[in-house]
Amino acid sequence: MDLDFGWQMFFWAFVPSMATKFIQKQYYAYRRPRRTATPSEASKHYKIIYVIVVLAYLLYTIVDVERSLPATHYDYLQVDRACDAKDLRSQARQMTLMFHPDKLMTLDESERQDAEIRYLHMRQAYDVLKDPFKRSIYDKYGDKMQDCQRCLTEKDYLLKALPTVAAFYLISGGILILLSVFGTLNFGRYWRFVGLLTMGCLEFRLLTAPLPTSSSTPQPLAATILHTLLPWRTTHEHIALLHQLFVVISIAVSQLGPILWPPTATTTADRAQMLTDLDALTNMQLKESAHNFRSVFAPFARDPAAVGELQKKMEKMAVDLQLLDGNADLTIAAGQAHMRIAKRK
């Protein structure tokens, strides 16, 4: 979670409620017949409109997040993610003819600088995508692969990426804990932690999956599902999308939960009453136990000799119990001895 989380929190805190109030006001202004809504009707209408607004805003946010992902090497070359080597060479040749610095001399200074920067991005993209191994690494890790100049194997890239992945989930978990402590986004707190853990396992599975050396290489079920839903995105884009959608969906659930599944009005009162009854029963049991204890030892209260004899027997009993505890053979022998003594009597 980065600064986008703060902006998402800000917009989700104000946009749905403001839009709902505006739509509800317009609905009452244009509906037929015109009449003042009762408080129960107004509350029902507000909930219905609020759910529709949140779902619509959630759908818009999901589409906006998907469309706002950073440009990739495929975008610089304007090729499909599934293009083959032949299509890649052909498109790179056309882009080179179009954006080569020798072809840009007629442009003004700012346009020429932008075109030169794009040409450099294009060359860098082609250098990565033309190599099958580098292309597979790029599809999985994205621009992070450029941060590891000494990486030679897939394991090297994975070890380089793991600290960043771990930092994301540690920070995200810390934020969720803070939100729980301060009472923010109370609804669905348990499921948010479950969702974060599930997403972490999913990302780890995607990162540790073998590189697709061919179309027949088996891939994890999660990768197959994500590729089926978003075939125009690569693995690292799927992961970035999951990170952002987790924030969006968590906030949306916290907004819709109290509306769709409102807590009963008597829940808090019932819990308080149950705790009061339990405390009363506990105190009653303690008082009864103390009374029974005093009643049992009442005959010995005024007889010091009897108290001394009782004390000796209790000490002997405590020693016997300590000796017999955990010693099955000794327990059996003691039981047999007691039975013989009882028969003699």
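Backbone N, Cα and C atoms are what each Cβ position is placed from, and that goes for glycine too.
TrEMBL annotations:
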type	residues	note
DOMAIN	72-142	domain 'J'
TRANSMEM	6-24	transmembrane segment
TRANSMEM	45-63	transmembrane segment
TRANSMEM	166-187	transmembrane segment
TRANSMEM	239-261	transmembrane segment
DSSP-derived helix, strand and coil totals, residue by residue, for the domain 'J' (72-142):
55 helix, 0 strand, 16 coil
Within-chain partners of the transmembrane segment (45-63) [C-beta distance under 8 Å, separation at least 6 from its ends]:
8, 12, 15-17, 19-21, 23-24, 27, 37, 245, 248-249, 252, 255-256, 259-260
